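Some features that TrEMBL has for this protein:
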- A:95-129: repeat 'PPR' (REPEAT)
- A:196-230: repeat 'PPR' (REPEAT)
- A:296-326: repeat 'PPR' (REPEAT)
- A:327-361: repeat 'PPR' (REPEAT)
- A:397-427: repeat 'PPR' (REPEAT)
- A:428-462: repeat 'PPR' (REPEAT)
- A:643-735: domain 'DYW' (DOMAIN)
Amino acid sequence: MHNRAVKKTIYFISVSTAYPIRSLHTAPAAHQNLGYPFQNSKTLDQLKQIHSLAIQKGLALDVSAYSKIISFCCAKDAGDMDYARHVFDTILEPNVFLWNTMIKGYSQTCYPEYAIVLYKKMLERNVKPDNYTFPFLLKGFNRDFPLECGKGTHAHICKFGFDSNEFVQQSLIHVYCLSGQIDMARLVFDTSKKSEAVTWNTMISGYNRMGQFEESRKLFKEMEKRALPTSVTLVLVLSACSELKDLDAAKHVHQCIQDGRIESNLTLNNALIDIYAACGQVNVALGIFISMNNRDVISWTALIKGYINAGQVDKAQRYFDLMPRKDSVSWTAMIDGYLKTNRFKDVLLLFREMQAANVEPDKFTIVSIITACAHLGALELGEWVRTYTDKLNIDCDIHVGNALIDMYFKCGDVEKATRMFHRMPQRDKFSWTAMIVGLATNGRGREALNMFAKMLNVSETPDEITYIGVLSACTHSGLVNEGRSFFISMTTQHGIVPNVVHYGCMVDLLGRAGLLKEAHKFIKDMPMKANTIIWGALLAACRVHKDVEMAEMAAKQLLQLEPENGAAYVLLCNVYAACKKWDNLRELRSVIMERGIKKTPGCSLIEMNGGVHEFVAGDTSHPQSQEIYLKLEEMTENLKLAGYLPDTSEVFLDISEKEKEKAVSRHSEKLAIAFGLLSSGPDVVIRIVKNLRMCTDCHHVAKLLSSIYERELIVRDRTRFHHFRQGSCSCKDYW
DNA sequence: ATAGGGTTAG
């Protein structure tokens, strides 16, 4: 009796008077803000002091005092599980509440497997779990956690008769969704009473997580008939409908809020901005943004995304500049805006600004930067980004890996791309597709097809992009029969209906093999209208196989679709030149002059010593221009010694032969090569990215230079790579 | 005494 009173006193002093429960719970946050390494040490120490005082004085604590200590130690983010365990182990017969609390505590740590260990111990000690036990236990399960644990726990839930408890069901649905077993989640959901909004919300959130947005929308419609949605429901359904670009859903939900049926909040408003932005209604998004009394970084970022979607990158930039605080997501959204509008140099500039602002990039940022490097052919910078990624301990996940594979290929480094692929712990269909497309465009058709066979072997399902890679592998390596059979099997074996790009690949394939009539028949039999790319492919084939008649027909079709298409005129000129039809060439040139047709200026990029250098034909704007032209003269001398004669047949302009030769000698890729030779050591591979097709003369010169200077040259043009080594090219002179 | 679901970007 006396003893009991003392215990009460201790409890009273420790919690209610000396250290009121409020302060015990609020203190950790304050410490956290100050950045203390051990957020809760002070209050936890106080608790421990009281505990040790009690032990010193020989005062026994009652169960409720132990419970307080243990629940405090098990509190989220501030706990000390070792201490909790220490106290817990001194209790002879812990009740189910204490077991639950310990399980909850471990579930929140990074060692949730201890929760399972404890649960098993609890059963060994003949304590029956109650309806609180399983939600706590399941909370510790996450994506990385073995699925068997989820299944085993489910069996226990049934055995102990909690499978009809809605809280338990919610936890089960959540865990099954996290581990990707959406069907199992649905099974539990279907057996549930579904009396609570949370049950519906959990299921909808699961569908969202799996990208099954249709299902989310369907479930919401069903829910509206049977249960009252909450603001969380609306956020979830907006998120799904944003992906589906369902403007009606946006308006419907918006109406629910405006009718006052559901109270709005910051998150919900953000979700509304996002969906209107995704549906191209950036002005409505702006209206919501303006009407909000408080906004966070997500509100701003969602609005900026809206302007980027609408193609108004500069307006997005203006809002971006106004942001009171920017996080890595906002920076990445803005960077992506430049990426999507092909402003790759702006991508790199913004990335530097981001670093100057001391915002750490995350893996999303890294993917964007690597993609920009890929477009610019900036291998050095890409490599630096990769090292930087390691340094910042950014998880090199499957997306980063895929981006790197693509970058290495787009920089012409087949070996590094291949090494990256083999080093990846996990691969998805995008990794395989990147390999197939990359090998194909780099002239390794056979290897690309081997890759494809391996992909099917590991049961990865190819998609339409994979087949573009497969077909272009056949094209680049002249494998006509293989190409024909892949074109059929893509439909019969994988149910992929060929689109206009696949037909384009086939025209390319047949055209390259000289089967111009068959290619033309292929176009005529297409189920869709041929576009300029299709006619362009045929026209290009006519140039190589010198078929004037077919070329004129293809050019006529092309120009009907796009009268101002300069490339079509250029190609036809090239055909006339190749066939020595000088009268036709002269006539066509005067037509071009009359109509004022403009040819896209050729432009070559080269990355050298940390910068990307850009050249156009006859460029004198480079700071080292004088040296470059001196190098060019030296190159020309060496070429002449090797028996080189300029090939001016593809010169577009009507000028004298001497001037044509001069024009050809100053093509952008030649300037870039000159710059590359004079600013790099003898073993450095020269990589150039060209926006158009290489002209015949430049191609010939590059081959000669690769042997004269004993240098590897890699030129990426619009559609393929040219690896120049010891006087020959990987494209085998078909391009 | 103890439970559950949410927004921005590849």
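Even glycines carry a Cβ here, placed using N, Cα and C.
Non-local neighbours of the repeat 'PPR' (A:428-462) in the same chain are 398, 401-402, 405-406, 408-410, 412, 414, 417-418, 421, 468-470, 472-479, 482, 490, 494, 496, 719-721, 723, 730-732; each lies 6+ residues outside the stretch with a CB under 8 Å from one of its CB atoms.
Residues 166, 169-170, 173-174, 176-178, 180, 182, 185-186, 189, 236-237, 239-241, 243-244, 246, 249, 256, 262 of the same chain, all 6+ positions outside the repeat 'PPR' (A:196-230), place their C-beta atoms under 8 angstroms from a C-beta of that stretch. Within the chain carrying the repeat 'PPR' (A:95-129), a Cβ under 8 angstroms from the stretch's Cβ atoms is held by residues 63, 66-67, 70-71, 73-77, 79, 81, 84-85, 88, 136-137, 139-142, 145, 149, 156, 160, 162, all 6 or more beyond its ends. Per DSSP, the repeat 'PPR' (A:428-462) is made up of 26 helix, 0 strand, 9 coil. Note on the repeat 'PPR' (A:428-462): its mean pLDDT in the predicted model is 93.
For the repeat 'PPR' (A:196-230), DSSP puts the residue distribution at 27 helix, 0 strand, 8 coil.
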